[in-house]
Amino acid sequence: MAGFFSLGHGGGGNTPDNHRTNTNNPSSSGTESWLWCRNPNSNADGGEAGPSYKGTLELWQHPNNQEIIFQQQQQQQQRLDLYTSAAGLGVGPSNRSLIETSGGALMMMRSGSGSGGPSCQDCGNQSKKDCSHMRCRTCCKSRGLDCPTHVKSTWVPAAKRRERQQQLSTGQQPQQLGGSVPKRQRERIPARSTSMAYTRIPSNNTSGLEVGNFPPEVSSSAVFRCVRVSSVDDEEEEYAYKTAVSIGGHVFKGVLYDQGPAERSSSGGGSQPLNLITAGPSASSSSPNVSCNNGVVGSTSDHYIDPASLNYPTPINTFMTGTHFFSNSRS
């Protein structure tokens with residue numbers, strides 16, 4: 001049986017007063033008190049040792065109130081450090097009072113650690129600045145905590161964020177929703193009449209013709225090919241004739257459209273004002289020397305120009321300046 005003997009006072013006598021058990025005997029002078037402990041059972045397995053050698057003497061220091069308070073504070077600080085390190089894994093003390101009391105200390109520690117804002121105690125993400133539970137919106141909602149700061153979501157789509165960043169980088173203010181955006185006006189091209197406009201060069205005025213070696217009037221034979229054409233506005237097809245002649249070393253191609261009966265068109269000059277082909281009696285439709293075979297109108301004269309022999313590239317379409325646009329010829 002262990003016995004405690006106080007060593008706080010002087011005197012080494014063997015009186016019964018000095019051998020009484022003392023468990024709470026602080027020194028009167030305020031200094032540390034020591035206890036002398038005798039444990040007779042410590043050498044019970046010591047073999048054949050004599051009874052006078054059984055037992056040991058130990059010195060125990062009696063703690064005062066300040067040391068007890070310091071130990072309690074140190075243990076609480078260790079628990080707070082453990083709770084802080086395990087907060088990201090969702091591990092923490094089960095005592096709710098400890099969580100509530102340590103919230104203020106954790107808030108001070110986190111606010112002083114950096115300016116990036118507090119982190120969520122459950123997932124480790126950034127929490128709201130004004131959240132009293134120090135959690136993000138998802139964790140507050142999943143735990144069912146009554147947090148007034150997480151009522152409205154602050155999530156913004158990535159497209160709007162990029163648009164706002166571009167506006168801020170360029171210095172442009174975001175346009176209001178009700179503002180009108182100016183639209184580009186469509187260019188309106190006036191519709192051309194079905195009748196072709198042309199200007200006949202007078203024969204007496206030869207200014208500019210000598211430079212290009214173009215005579216004012218040409219009489220030659222040509223091959224007219226019958227084709228079917230249709231306008232953009234009107235889907236009705238009509239017959240026309242296209243040809244190509246060589247004048248002054250240049251190739252001239254054109255399309256002759258139907259102008260009506262010969263009696264009405266003869267007064268207007270027929271197809272001669274087009275200046276594409278100014279042929280003689282052999283090229284006139286009323287001449288008896290002209291024959292039409294399988295849609296091909298040709299002259300009976302042996303002197304004619306074959307368009308294939310000119311080695312001129314085939315045009316993409318039959319569009320000419322000053323005329324209507326027609327689709328590609330169909331046979």
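Glycine is no exception: its Cβ is also placed from the backbone N, Cα and C atoms.
Annotated features, as they stand in Swiss-Prot:
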REGION    1-50  region 'Disordered'
COMPBIAS  21-32  compositional bias 'Polar residues'
BINDING   Cys120, Cys123, Cys131, Cys136  Zn(2+) 1 binding site
BINDING   Cys120, Cys136, Cys140, Cys147  Zn(2+) 2 binding site
DNA_BIND  120-147  DNA-binding region
REGION    158-194  region 'Disordered'
COMPBIAS  166-180  compositional bias 'Low complexity'
MOTIF     247-250  motif 'Required for homo- and heterodimerization'
REGION    261-290  region 'Disordered'
COMPBIAS  278-290  compositional bias 'Low complexity'
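Projection of Swiss-Prot feature records onto the structure.
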residue	record	DSSP (3 states)
Cys120	Zn(2+) 1 binding site	coil
Cys131	Zn(2+) 1 binding site	coil
Cys136	Zn(2+) 1 binding site	coil
Cys147	Zn(2+) 2 binding site	coil
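The binding-site residues close to Cys147 (Zn(2+) 2 binding site), defined as a CA atom within 10 A of its CA, are Cys131 out of Cys120, Cys123, Cys131. The two recorded residues Cys140 (Zn(2+) 2 binding site) and Cys131 (Zn(2+) 1 binding site) have their Cα atoms spaced 9 Å from each other. Residues in the motif 'Required for homo- and heterodimerization' (247-250) partition by DSSP class (helix H, G, I; strand E, B; coil) as 0 helix, 2 strand, 2 coil.
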